[in-house]
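What TrEMBL says about this protein:
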- 1-105: domain 'Thioredoxin' (DOMAIN)
- Asp26: site 'Deprotonates C-terminal active site Cys' (SITE)
- Cys32-Cys35: disulfide bond (DISULFID)
- Cys32: active site, nucleophile (ACT_SITE)
- Pro33: site 'Contributes to redox potential value' (SITE)
- Pro34: site 'Contributes to redox potential value' (SITE)
- Cys35: active site, nucleophile (ACT_SITE)
Amino acid sequence: MVRMISDMDEWNALMEISKSKAVIVDFTATWCPPCKMIAPIFAKMAEENPEVEFVKVDVDEANDVAGMCGISAMPTFQVYKGGAKVEELRGADPKGLSAMVAKNK
């Protein structure tokens, strides 16, 4: 299941989770066609990899979180471990996203 992160409090709680398991964040926007295209793929990966925490951040709803994370293009996927970003992928790239998930389980 993919959770939505909507504010800094939820983000901070997510960083605590990242200390014990990998977290993959999809920075998205409702007006972004490539985001809509890759959304079902991201959701399927979440179902197939329950040991990883999959979340989404709507950049318009949580612009403080997106700004803090340096998001300038959507979709952008980031991996967090131990409270820190360890990898980033920009664009709707299913193969790249799949490789990123496999590498960071």
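The backbone N, Cα and C atoms fix where each Cβ goes, glycine too.
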Listed recorded positions Cys32, Pro34, Cys35, filtered to Cα within 10 Å of Asp26 (site 'Deprotonates C-terminal active site Cys'): Cys35
Tally of DSSP helical, extended and coil residues in the domain 'Thioredoxin' (1-105): 42 helix, 28 strand, 35 coil
Which listed residue (Pro33, Pro34) has most other Cβ within 10 Å, given these are recorded sites: Pro34
Most crowded position, judged by CB atoms within 10 A, among Asp26, Cys32, Cys35 as recorded positions: Asp26
